[in-house]
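Below is one structure, written out as structure tokens, with a few remarks after it.
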Amino acid sequence: MSTFSYSKNDTQTSHTCYHCGEDCKDEVLHTDNHTFCCEGCVLVYDLLKESDLCRYYTIDGAQGISPDPGFFNGKFDYLDLPEVASKLIEFTDGKLTAVNWYLPKMHCSSCIWLLEHLYRLNAAVRSSVVNFPEKKVRITFESSQIPLSALATLLTRIGYEPYLSLDDLEGKQKQKWNRVRIYKIGIAGFAFGNIMMLSFPEYFNLGQNTTDQDLRLLFGALNFALSLPVLFYCAADFFKSAWSALKGRYLNIDAPIALALLCVFLLSLYQFIFQTDPGYFDSFAGAVFFMLIGRYFQDKTYAGIAFDRDYKSYFPVAVSVLNVDTETRKPITELQKGDQILVRNEELIPADAVLKSAKALIDYSFVTGEAEPVERTKGDTIYAGGKQKGTAIELEVLQRVSQSYLTQLWNNEAFSKEKDDPNQTLAGRINRYFSLTVLGIAVVTFLVWFFVLNNPETAFLAFTTTLLVACPCALLLSSTFTNGNLLSLFGKNRFYPKNAHTIERLSHIDTVVFDKTGTITLSDDAVIDYVGRDLDMDELTIIKTLAVQSSHPLSRLIVKHLPGIAVSRRALTGFTEVAGKGMRALWGKTEVKIGSASWVGAKLDEGEVNRNSEVFVSINEQVTGQFTIKSKYRPELAETIVALKKAGIQTFLLSGDKPTDQEYLTGIFGDASAIYFEQKPQEKLDFIRDLQNWGGNVLMVGDGLNDAGALRQSNVGLAVSDDINNFSPACDAIVEGVQLSLLPAYIRLAKSGQRIIKQSFAISLLYNIAGLSFAVTGALSPVIAAILMPLSSITIVAFTTAASNIAAGRATRKVTNVINAQV
Amino acid sequence: MSALYLLIFASLIVALGFLGAFIWSVRRGHFDDDYTPSVRILLDDNPEDTN
């Protein structure tokens, strides 16, 4: 076996693209004394220069985005259909129209600047305002001057293709919960502050004469009036959530809170009406205010990550429909049985269909996990979810989108099942007993004072202070803040759990199941060997130039594997590509073929079972050799498995692929029985279910839709992604690929989190016991109780924050040390 | 003590005014995005001709 014999050209200096900042790997293009890596980048540069927008490059340096080469004219034509447009438009008055689009490519302050100067690119744009955290831009434009499709095209041409999903077409708009939440906090804070102020005289024992009595009545009435919006508006979510839990016959964390709030409010109301006491409206409003703030911070960490996408967001919004020689774009929701559709290279097949073209090469990696495309011939049925590779194909739709294969997979019960069993959360469990106990103590105290000691005044006082002092909000805060802080600590380590429940389930994990393709293998890198006679510089140039023409994944990998070779498009003529076979072109008078063995005319050795992908090369009908392409595993894989085993966690591998690299993987997983090949999505799901039936708490590590069922079925579904905006909707957490080695640390941190919650429960229990022992004797004044409550909360918050930070530091450091020691 | 009633209502009206201002600002989207404006203010509108 020989390796490449080319030597690095010493005189060649590396160029970086002025637009996108990437190294220029192929041809270097020069324009205005700047270097560019591709035509696309030059086009954007020219466009910006024309409109005097070159300041784009001086803000953050070369941060541009190379426009999508797959773009074609007419891609957005469907946006001009009235029924589509009406669903995407936020506002229109006939002249001015506003849209609010999600641009996932937005990433830096240059982007903000450029997107807010769209009016210079097209005068019909009146204004554009960026919301960077949400990656959205609101564009107001004159609809008579620029159609919606032209606006989308404009954004795409400068590299920011708007993300339009089927959900937009079906008219689902994201709720403005964020604002409602802020209203609630604001109003609760307003009520809390004013009630406190009006209660001041009460705190300092206002005089008891008649004029003071009138004032007392006024203060009481105002406090009552102020607490009404808090009860009916701000605290409504607690009551709603508690009520729906009660209807489902269980107690959730909101149930005791709702009960305590209701008790305090009714008691205060009683005291106000009968003028026995000023009531505890201040504590009531304060408790709601603080709890709302806690929840706000908990949710805010995750505002940037939209977990509410479903499979539909992977589907194209519109597809080309052929109608006697004319091609129109039609939203796929309106696709009917019998429609003739045209699917281009790299496009997803939106519905089950029959192939009308002679041949198609379908990549089902999205559905089955199999990395190599399969060939289909005319008349075959092609299921939705496959991606066409190569030339455009014609299809006849068999089923409407909502009835297709992927949708069926999605409708499996595992997807509809809610994982959050309330009894599984630690806080929920403790809280349930705690609130029952507190209520019991309060009732017993009340009854003893009322009937045995015959002291109704003290009975009410003791009852209230007991409820107040033991208010479960300290407990609520301890789990809310610990988990909230852990969520952000996980986020800093590039691990994004969906919610607090995920952290808790993560702490119980004892089995980890890995998917292979795209999870433990690198999606954009592979080990490529070349077997055959040595190639000289010219031949390598020819091969690379030819490979650049194709969008086939193997061609891409070969291009990537020849970094030092320049691409020259000039000499290439007569290029043809036959999907599923290979390419042919003329280089001057030399005929070059790249592709399968039969395509180039190579003989395969008899008996040799080859499990790797192979690409053969022939020059002038002479087979020079072959590239073998093996998927490359994440370098940290071995250490990760070792660390997981050390922590007593079982590991399995499920692959949709053919059994390649069995020896290597057995070495890593230690046991051949832990590795399963050729698993269909349903089998993966069943495997996880079996493990769970054996009592396992399973963490599934996968990459996307093809294992979505398994991800959803597992206790924690972890999606590996190199782009956190691109992940499976079924997952509970996302991790960046390079961080996968930290998995043992993440599990350990989740465990520490549970310990911290227990510790802070213990602390608040101490508070409660001390407070309660005063309260039941009736010796505690409500004011002191009201002061004690936030004080204990603050202690708890301080404790959980400090403890979880220390735990996070320790967990990640330990793993890094282990890895460093092994390397 | 009647002055007290007046003062209490005056103070409440002022407080309600601030609450109204708060609600107005939320409605106008002041709290929708707490990051972009901080960047926007640093970006000059007119490119300097020095470079």
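Every residue, even glycine, has its Cβ placed from backbone N, Cα and C.
Residues or ranges marked as domain 'Putative metal-binding' in TrEMBL: A:16-91. Annotation comment: TrEMBL describes A:316-410 as domain 'P-type ATPase A'. The transmembrane segment feature in TrEMBL is assigned to A:182-200, A:220-239, A:251-273, A:279-297, A:433-452, A:761-781, A:787-808.
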Two-stretch contact, the transmembrane segment (A:279-297) and the transmembrane segment (A:220-239), at least three Cβ pairs under 8 Å: yes
Stretch of maximal Cβ-Cβ contact with the transmembrane segment (A:433-452) [cut-off: under 8 Å; candidates A:182-200, A:220-239, A:761-781]: A:761-781
The transmembrane segment (A:220-239) and the transmembrane segment (A:761-781) contact flag, 3+ Cβ pairs under 8 angstroms: no
Secondary structure content, the domain 'Putative metal-binding' (A:16-91) (per DSSP, counts of residues): 27 helix, 11 strand, 38 coil
Taken over the domain 'P-type ATPase A' (A:316-410), the model's mean pLDDT: 73
